[in-house]
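J.: Input: one structure, supplied below.
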Amino acid sequence: PSCFGYPLSIFFIVVNEFCERFSYYGMRAVLVLYFKYFLQWDDNLSTAIYHTFVALCYLTPILGALIADSWLGKFKTIVSLSIVYTIGQAVMAVSSINDLTDHNRDGSPDNVSVHIALSMVGLILIALGTGGIKPCVAAFGGDQFEDDQEKQRTRFFSIFYLSINAGSLLSTIITPILRAQECGIHSKQRCYPLAFGVPAALMAVALVVFIVGSKMYKKVQPQGNVMIQVCKCVGFAIKNRFRHRSKEFPKREHWLDWASEKYDKRLIAQTKMVLKVLFLYIPLPMFWALFDQQGSRWTLQATTMDGNFGAIQIQPDQMQTVNPILIIIMVPVVDAVVYPLIKKCKINFTPLRKITVGMFLASLAFVAAALLQVQIDKTLPVFPAAGQSQIKIINLGTDGATVQFEPQLQSVNVMPMESTGYMTFETSQLQLLNIISGNKTTTKVIKLPGENRHTLGVKNNATGIVAELLFDNVTSKPEEGNNLIRFINNLPNTINVTMGDTSFGRLESLSASNYNLFPGGRKDNIMVITNSMSCSVISKALGFGSAYTIVINKCSADTLDITYSEDIPPNTVHMAWQIPQYFILTCAEVVFSVTGLEFSYSQAPSNMKAVLQAGWLLTVAVGNIIVLIVAGASKLSEQWAEYVLFAALLLAVCIIFAVMAYFYTYVDPNEIEAQFDEEEKKQAKKDQEVYEKQAEADSRM
């Protein structure tokens, strides 16, 4: 059955691929934040495990190709590994259910190791599944066409790539939105089960769709794997060369010619071409090392930024969508506009030059990321180091106050109802505080625990100066753009405070509540209940990632009078500033990735495509392993310095590649194939003649 001149089975394959890519990229988009916020890992461990997973996903395709070509055939491989994959996605969704081990219902898992174990099992199954299917699906689609449908086949691959990008684009937009929802049975938190559950459901759909089309597929029998032949041929050549290492044996033109005793000339010639291309692949992993950090380091960078785009609030993991959106725009633009323009300028933009430019651009993108990181670092708060303490002062009274930090460290004036920023002191030196307000003075002896932040509330009352030293239990900036908020009761009597749905409980006069976490950028209703009345006010929109102390000054029938004191400044660098680095990296991907595979296929015989695809995927896997090594070995504490290091490494590799490319000579595999065909014909003719002569001689006898 066919439709628009295409085999009908193709539509099942395209839908299957769309669902599979949606499932994979959706899960991958929220993965690093799942590690960080749910499993509570630090940035470095999250990055390391993320890249280990991606590397696995690109190593397993080689396994998948071997299984399909030598044993099960493509159809059975796709089905059986899709089942493994679906189970993996389901396990991943279960591992992120907080209520699974949260017996005390405080909103965080009691037994994190159960969740870690489950998610690692899930990730391994997913890596096996996605990797095993990857090389089979595209090739299986190609198998559906007859030999005379070359044009349709090419068009199919374009549609196929479009479905990959559409799947990854939609899922990178949708799964972070699902993650940002609040859900949970006993306590509300970020909805990871939904963010992993939807990809799992889509994977199940992909599997069903693929099986439904089963009757229509053209199923090619497994034909043995070229990779194994190539490896055997290379192995035999090396062994044979080693056996004949003494001087008396004549040299051969190329070391692979030592395989000619056992393998035919054609395979040897093809292997030479493949190895020539694979040699060029050696520098390529460095590109992927930078490219794949979009999902790890760049997403973590976005968590420290301001995602407020006016009407909509962007999640940090949604910034990754910039890449697929730009790809969909850039590929046609580059093909239709940029390349023809370069051609007009009489520049010969060869495939290898394109790849070199791609590497250069990627390293430029990381320079942009480093510059941005420097700007972000300026906005991050500095917390007290070992041996230091920090104090800020809030004046709760109606008179100005002066606080002297003794012995002779510093003296600060604070206006009425105002507050200072945090001041840093050596814990061991600070012993006394002298507080002068109005015409009164008081002295407070203090002994601080060190390495903490404190707030000093000062008020000149009728009875004298009240000075309360509060302990600020905050050691880092609020994550995910959330706000930390606490209240100080500046009324004479005890009150009850609620903000939104969160109750802060009873607050004595001149005491402070603990900090509570709120979603960023919202305006909430603050309600205060005193003995005699209740009053409320809508808070101002507090900036993303900030912490505030809200002082309650006056509660009258209609209004509540409050002042805000900023403890941690909000994220001020806007997420839109990440767009330039994404744009440069996408340009790099367009000239690098698209060209790379086309070039490989043009430089080797058609039956060797599987070997080249394996080599290409291997470069991605090695690239992700490089991230682990570099990030682990370089003990760089500054994130911007790590970005610069990666940029420098890629630049060095880019120069090496340019030199290699300069010495590369392009070949036309078809010509070489034709020569062999020609020789075989001649040989056959000769054999025929010999046979005929022999037959003639026989008949005479």
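Every residue gets a Cβ built from N, Cα and C, even glycine.
Quantities reported herein were computed from a predicted structural model and do not represent experimental measurements.
From TrEMBL, here are the annotated features:
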type     : residues : note
COMPBIAS : 679-701  : compositional bias 'Basic and acidic residues'
REGION   : 677-701  : region 'Disordered'
TRANSMEM : 48-68    : transmembrane segment
TRANSMEM : 75-94    : transmembrane segment
TRANSMEM : 114-133  : transmembrane segment
TRANSMEM : 154-174  : transmembrane segment
TRANSMEM : 194-213  : transmembrane segment
TRANSMEM : 273-291  : transmembrane segment
TRANSMEM : 325-342  : transmembrane segment
TRANSMEM : 354-374  : transmembrane segment
TRANSMEM : 610-631  : transmembrane segment
TRANSMEM : 643-664  : transmembrane segment
J.: Answer yes if the transmembrane segment (610-631) and the transmembrane segment (194-213) have at least three CB pairs under 8 Å among residue pairs 6 or more apart in sequence, and no otherwise.
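T.: They are not in contact.
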J.: Which one, 48-68, 75-94, 154-174, 273-291, 354-374, has the most C-beta pairs under 8 Å toward the transmembrane segment (114-133)?
T.: 75-94
J.: Please give the sequence-distant neighbours of the transmembrane segment (643-664): residues at least 6 beyond its ends with Cβ less than 8 Å from one of its Cβ atoms.
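T.: Here the qualifying positions are 276, 279-280, 283-284, 286-287, 289-290, 293, 297, 350, 352-353, 355-356, 359-360, 362-364, 366-367, 369-370, 373, 630, 634, 636.
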J.: Same-chain Cβ contacts of the transmembrane segment (75-94) under 8 Å, 6 or more residues past its ends?
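T.: 20, 23, 27, 64, 67-68, 100, 118-119, 121-130, 132-133, 136-137, 140, 193, 196-197, 199-200, 203-204, 206-207, 210-211, 214, 217, 219.
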J.: Quickly jot the same-chain residues contacting the transmembrane segment (354-374) by Cβ under 8 Å, restricted to those at least six beyond its ends, or write none.
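T.: Result: 283-284, 286-287, 290-291, 297-298, 301, 573, 577-578, 580-582, 584-585, 587-593, 595-596, 599, 639-641, 643-644, 646-648, 650-651, 653-654, 657-658, 661.
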J.: Where else in the chain does the transmembrane segment (194-213) make close Cβ contacts, counting only residues six or more beyond its ends and a cut-off under 8 Å?
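T.: Distal contacts: 8-9, 11-13, 15-20, 22-24, 26-27, 30, 34, 78-79, 82-83, 85-86, 89-90, 92-93, 95-96, 171, 174-176, 178-179, 181, 183.
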